[in-house]
Each structure stands twice: as C-alpha cells, then as structure tokens.
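Undergrad: This is the feature table in TrEMBL:
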- Cys459: active site, phosphocysteine intermediate (ACT_SITE)
- Asn395, Ile396, Cys459, Ser460, Asp461, Gly462, Trp463, Asp464, Arg465: substrate binding site (BINDING)
- 1-15: compositional bias 'Basic residues' (COMPBIAS)
- 16-26: compositional bias 'Basic and acidic residues' (COMPBIAS)
- 31-43: compositional bias 'Low complexity' (COMPBIAS)
- 44-70: compositional bias 'Acidic residues' (COMPBIAS)
- 708-728: compositional bias 'Polar residues' (COMPBIAS)
- 729-777: compositional bias 'Basic and acidic residues' (COMPBIAS)
- 785-799: compositional bias 'Basic and acidic residues' (COMPBIAS)
- 800-809: compositional bias 'Basic residues' (COMPBIAS)
- 819-845: compositional bias 'Basic residues' (COMPBIAS)
- 846-868: compositional bias 'Low complexity' (COMPBIAS)
- 241-621: domain 'Myotubularin phosphatase' (DOMAIN)
- 1-80: region 'Disordered' (REGION)
- 687-868: region 'Disordered' (REGION)
Amino acid sequence: MSKKRFFKRNKKKDKQKQQEQKKKEEEDYEQNYTLTSSSSVESELFDSIESSETEEEEKEKEEEEEEEEEEKQKEKQKEKQKKIKKKLTTIKIADFLLEGETIKHQFENLLYVFYKRIGKTKTTVGNLLITNARLIFIPLDPRVYRYSISNIPTIFLGNINKIEKLKPLQSNTIDSTEKSAKGIEIECKDFQLSRFYLTANTNTVHRSEIILKIAKQAYPENKKSLFCYLHKVDKTTVDEFWEMYNPQKEFERMKVNLEEENFPWRRTTINETYNISPTYPIFLVTPRSCDDKLVTLAAQYRTKTRLPVLSYYNSQNGATITRGSQPRMGLKGARSEDDEKYLSAIRQATGNEKVLYIFDCRPKKNAVGNRTRGGGYEIVEYYDKCKLNFLGIDNIHVMRRSLAKLRELCFKTCYLKQNQWYDYLADTKWLLYIQKIVYWSVRTARLVGNKGNPVFVHCSDGWDRTAQICALSELLIDPYYRTIEGFEVLIEKEWLRFGHKFHQRIGHGDSNHEDSQRSPVFLQFIECVYQVLRQEPTAFQFNEQFLIFILDNLFSLQFGTFLFNREQDRLMNVLNQNTYSLWREINLNLGKFKNNLYIPTKKVLSPSTSMRHLVFWETYYLRKMFWKPIRMNIENDNLYLENEKKLIHQQFEKLKNSEINNSQFAEIYQKFDLNIEGLLPEADENENIETLQKKNNTKHKRRHSAEENSNNFKHSPITKSSTTSQIGNKDKKERQRRKTIQEIKKREKGNGKEEEKKNDEGKENVKEKVKENLKEKVKGKRKKNEKEKRDGKKLQKDNNHHKKNKKSSSTKESSSNNSKKKKSKSSRSSKSSKSKKSKKSKKSSKSSNSSNSSVSNHSSSETSSDEK
C-alpha cells in the first residue's frame, strides 16, 4: 500500500468526523434553544452552514486536482529518466571504434577485477571485445555508462607485453560460484595490469581459446597486418607530416653553410646507397678538410662503420657535438692514423685551439671488456688535445632489469605498505640511472653552449646511450628544440635517422617478452625531459601530457612513426604512404599539448642534477593502477545535472544557516556562476555587496598575477597548483585574523563586565569605611563632652573646699593639679591616636579608589588599541 493512498484515506475519515460533529451541534442547538426566533434568522443560519460546506467541497476538489497534476509531472520525469538510461545503455559500440577498427571476437559475461584504491578491489561484469587494434571491456551495469568510455579498460594490442594464466580468484566480495573461476592476466608495456575471470555464464568458453585469439591479433606473423597499416584509408597520398624533418633546412637553421668553400663543414655523398653504414642516414656532414677517402678509411676503424658525424653546430661560438661508435682497437691495441687525423680535423673545425672532449658513455670496465670483442676506447696519447671521460652509464641489459623491478613496484603499490615503498624504489636504481644521464647532458651543454669546447659522444654502437646524451644536451642548449615542432625534429634527427632500434628495443608485434634486445632507452630519455621540464616549467612550449602522448603511441602501433630500426627499412616499406605519422595527430590538436606558462628564452638550461631534485614520475607510471571513472560529457544527461543542482542548493542552505562572512559567501557563488543579488545575508555596517564583489575580483587578479610571477623563479618546481596553494594560505591567514579579532572583542566585553562589578564592589567598600570612620568620630566627641562635664564638676567641688580650707589645702591643691595634668595628657594621647587611625583609613580608601580608576583606564586603553 503506497503512502499517498494511506494519507488520502485519513483525510476522508477526518472530513467524515467533522461532518458528524456539525450535525450533532445542529441537533443540540435545536434542543437547547426554543424556536422563538423568526424564520428569517433560521434561514440565514442554514444558508451560512450550506455555503461553508460548499466551499470546503471546492477546496477538496482543488487539492485533489493539484495532487493529480503532481503525479503526472513525476511520471513524466520518470519517463524522461528511463529514456536517458536507454540512451546510455544503448550506446553504439561503433561510435567508439577508431578509423579502420573492426571487431574480430566477443566474449560475454567476463569478470573484470580492478583496484579502486590501495588494498581494496572491486569487480564488474561485462563483455570483452577483441578488435584488430584493441581489447575493449564494456561493463553491463548501466551506471558505468555515465563515465567516459576512454577510461574503461582499453588495451592496444601493440601495448601487450605478456599474457599469463591466473589461479582462481579469492575475495570476500565475490560469490562462491565465481571464486573457482579461472583468470587471465594481461601485462602491458605502459605499466597497466588487467585481470579477467570467467564467470558461471562463460563456462562454455575455455580460457585457452581467449588467450589464443588475443595472441593472434597482438602478435601477427605478417607485420603488414598491424593496425597502423590498416588505419590509413587513402594509401595513394603522402602524409605531409612525414616531412617534418628536412636535414638541409635544419642545418641551415643552425647557420651551417655547407655550400661555401670557406666554411669548415661540408656534406658527403658516400652513404647515398647505404653502402658504408646502413644504420646511418643518407645526409651526413663531415669536416671540409677531410676528403671522401679519408672519411671511408676512418669509418672502417669504427664499429658498424659509424664514423664521427656532425650532430649539432653552435653558431655563436662554433662548438659542435659529433656522434659515432667505439674504435676497433681489440686486444692488440690497433691504431688508425686516419681516425686520428679525422678527430683532429673535427677539433680544428671549431676555429679555436680548445680541447676536444671525448665522452664514452660506458663504464670503464665495460669499455675494457669490449676489447675482447674487437672494440675498445681511444688512447689519448695518440690524439692531439683530447680528453677522455667515461660517463658510467650501464648497458641495455642492466636497464631492462631495472625496468622489470620498477614494473613490479608499480604493480605492488595496490597492496604494498607505505614504509616499504621507498625501499623497493631504491632497489630498482631507476632514478640513479636517470640522474647520470641528466648530469652528463648538462655537462656537455655547458661545454658546447658556454665554454665553446667541441664534444664527441659515443658508446658501443652509438645508437642507445649516445642518442640520450646528444638529444638531451641539444635540448638544453637550443631553445628551438624546446618547442613542439623542434622536439619533433629532435626525435626524428637523433633517434629515427641515426638508427635507434625501436623495433627490437620495444618489441613491436613480438611475443618474446624476455628478449635480450629489449630495453627502455627511449623511455629514459622522455623521463629525463620530464625532470628538466619540472625544474624549468616556463622554458618549454609543450606540457607533460605531450610527453605521455608520445610514449602511449610508442606502444599503440596506431602510427608508423616508430616502426623498424633504421631509415633504410622505413623507406623500403614506404611508411609515408601506407601509414599516418604521429606528428599529424599532435599538430592537429595542439591545444592539448601547449604549456600556458611558456616564456621563450635563449639561455642554456642548467637544471639541478642532485638526487634530491629528481622525482618519481607518478603521473605516468601509476596512472592506470587505479580505475577512477570520469563523467562523460553527454548533452542529454539531465540526471547528472539535476543531482548537481540538488547538491549545490543543499550546500547553499547549510552555508546560509551557518555563520559565514559575506565575502566567503560571494566567493562560493562566483565559483558556481550563480546570481548573488538577493541571496547574500545582511551586510555589516561597514560592508556592502559591491565592496565584496570588488574584493573578490581583486583576489582573482592576484591569483593570475601570482601565476605570472611564478614564471620568474629559477631551479624551483613551480606549477599552477603551487601558486594556488600560496593564495589559499593567504586566505587562511585572513580568516585567522578575523577570528582573533572576534575573540578579542568577546574578551573585552567580558572584561568590561568584570571591571564594572569590581568598581561597584570597591564603591560599596569605600562607603562602609566612611560610615565606620564617622561612627568613630561621633563616639570620640561624645566621650570628650562627658569628660569635660566631669572635670567641671570636680573643679566646682575643689573651689568650695578651697574656700573653706585655704591654708590647709595648699598641699592638696598641688597634688590635685599634678593629677589633672596627667589626665589631660592621657586624654590628648588617646585623641591623637584616634585621629591618626582616621587619617590612615582615609588614605587607604583614596588608594583603593585610585587603583580602581587606574585599572579602568588601563582596560580602556587596551580596547582603544585593539580597535585601532
């Protein structure tokens, strides 16, 4: 039985009772009173009763009609809500598919387990879709569709590192029938971990069948069936963004005049057919004093024939950065005069006699060990004005093991204790390797950018650690590489054209996750850029999301930019016609990746290389550990808007009832863009609504000015969040100041009352003392009068006796006079003592009055100072 029907029945019963009472009153009236009154009076009484009854009936009808209308409106709202839910639940999957993406397989009623926060897991049941590009999990719960599909677990097939079987799930939040379900764990290259379990409704499907179908799409035998080849529809046209880097234009931008005969650098054509060095690009720049014969002979002394080549030219001082590979000295210590002449020509091309620094990126032990394989390092005695430095950066195998530990740490953060987290992070040594790369890049930037010394960088083969040092040092020297376009050119020049092995280091379409050639070399470079960006937030045109977007598409295989190992393979497979470039997607959506704090500067950046200033990159490594759904921007989502309105009105009522200042009240309404007129509480005597609005506007201006001033700081990780926190501290101080003023006023009121009480008590005490003194004075006067009367009587008696016995009483008179003198002295002493006591009492009363007046004056002075 519903509440409405219950209340309607009660109303009808009450009306019936009222009618019965009226009838009884009429009967009593007829019995008690005689019918002496005229018929006109009776008619008037009956008419009034009938009119009141009709009015009540009309009111009842109106109330019933209003209730019916309210019920109809509520039903309409429910219907609208149902329609919205239908729209949400009947979202077409095709709307979320990418261009060229098609569904290959679908598995229903799978259980997805995720961590909502540390130590607490949750599950949702849904359908798993396997497309030619991704794995998409769509929950069956319609409430989840209010959230963005981009945040629902989606895994690009190229991002899958390995697929493993899981034991049955054990959790208190799951039914007993589902605890015995078998599971699948998918570990991704971007630190994402997804777990799916078979439920009672999916027992017909075997777990091995799901794993095989995922593996076929993720690790195809034919590499041309990857999604980047299927993504582009029109394969006859060339993507213009593939030509972002033009070596001729880039060297012209550096003011390298290759055609002039007097210029110390020139272009060689020895590698146009990739005969000398297949891992090098076609466009190579060497010293002009060295002809092609000497260049080819010098290349033979280097491993993989990767001879030292110009990478960056500083037009201000002529200093250069050149890159190559290790010398082939072997155990016998072979020597090459051609290589010695070539390096001396590089040193002389700077136009000064400064020392050439040779930076060997390896630890010295590794360099010595490579002599057994035919490699080695330069013997400085054979090279004029050269200095050799070993940078101590470990090889790809050490970095791969460090990455594995870091991945385990990120997966353990969901249930790891806080005290153990930093211990595990220290065991990975990940930040220590990042610190070494940043340190030596800063050192090369100072030598080339400030001191004007040439630097030659190499490692074993010259395509891993060499690319890290060269690219990061050039980014610190040249402000062009700190722009979005310049950073794209830098990656093309130092990583793609000079033969970094992206295919082997990342493992595109390869199921062997334990391959010894995999290593996070490019990931380390991007993180080093993030560490510099964090310390110099105003020096870069791009933001953190730009770096994360590049890493995401490094693994997604949505674009063909990072396919293959060298320039020759990319030209052979015609990637510019068959695939899209990553730079196309970035340059068409520049608004997402621009830094609002960017201020162009030409200075050479020198960030701190201390471990104290390096931070774990949480926004990238831990962003997919916890699933936090985000609301979807749907035009017809009235439910979400209504809930927000209710919350806002509830907050408004709480704030209105609570004690709050008008300024705080105006701030809250400006946040929600609401009308302030008529909603503010009554203003104080000295404040108006207009003044409050002006104060709020000035606060917003201060915030913007604080954000702009934050750009002028150096070597400090300043962000928008730090400026807003400073402003919040100022607001807190103002609130504390207001609270202290209110407390002082309350204390003053209490102190005033206490002082009044003290003053009243002091006055009463003074009155009592005065009364006592007056009583004592009156008593003293009475005693004096009585003594004087007694003395007069005695004198009369003595005179009479003297007359009678003049002669005989001479001796007696002398004795009597002596007695009188003694008595007068005693009376005088008693009078003087009493007068002294009265004087002391008067002084004490005056001192008490003066002390009370001083206290009152002191309190008044304190109140005046506080008011000031």
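Note: Cβ is positioned from N, Cα and C throughout, glycine not excepted.
Not measured: the values here are computed from a predicted model.
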Undergrad: Between Asn395 (substrate binding site) and Cys459 (active site, phosphocysteine intermediate), what is the CA-CA distance rounded to a whole number of Å?
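TA: Cα of Asn395 (substrate binding site) to Cα of Cys459 (active site, phosphocysteine intermediate) measures 9 Å after rounding.
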Undergrad: Hey, what's the Cβ neighbour count for Asn395 (substrate binding site) at 10 Å?
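TA: Other Cβ atoms within 10 Å of Asn395 (substrate binding site): 16.
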Undergrad: What are the non-local neighbours of Asp461 (substrate binding site), defined as same-chain residues 6+ apart in sequence with CB under 8 A from its CB?
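TA: Sequence-distant Cβ neighbours: Thr303, Lys304, Arg306, Ser325, Gln326.
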Undergrad: With an 8 Å cut-off on Cβ distance to the Asn395, Ile396, Cys459, Ser460, Asp461, Gly462, Trp463, Asp464, Arg465 Cβ center, who else from the chain surrounds the substrate site?
TA: Cys361, Thr466
Undergrad: If you measure every Cα to Cα pair among Asn395, Ile396, Cys459, Ser460, Asp461, Gly462, Trp463, Asp464, Arg465, the residues listed for substrate, what is the largest value in Å?
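TA: The span, Cα to Cα at its widest, is 13 Å.
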Undergrad: Mind looking up the mean pLDDT for the domain 'Myotubularin phosphatase' (241-621) in the predicted model?
TA: 94
Undergrad: Counting by DSSP, what is the helix, strand and coil composition of the compositional bias 'Basic and acidic residues' (16-26)?
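TA: Looking at the compositional bias 'Basic and acidic residues' (16-26) with DSSP, the answer is 11 helix, 0 strand, 0 coil.
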Undergrad: Only counting partners 6 or more residues apart, tell me which same-chain residues put their Cβ under 8 Å from the Cβ of the residue listed as 'active site, phosphocysteine intermediate'.
TA: Ser325, Gln326, Asp360, Cys361, Arg362, Ile393, Arg465, Thr466
Undergrad: A 10 Å Cβ contact count, applied to the binding-site residues Trp463, Arg465: which residue has the minimum?
TA: Trp463
Undergrad: Tell me, by DSSP, whether Arg465 (substrate binding site) is helix, strand or coil?
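TA: Going by the DSSP assignment, Arg465 (substrate binding site) falls within a helical segment, counted as helix.
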Undergrad: DSSP three-state call for Asn395 (substrate binding site): helix, strand or coil?
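TA: Assignment for Asn395 (substrate binding site) reads coil.
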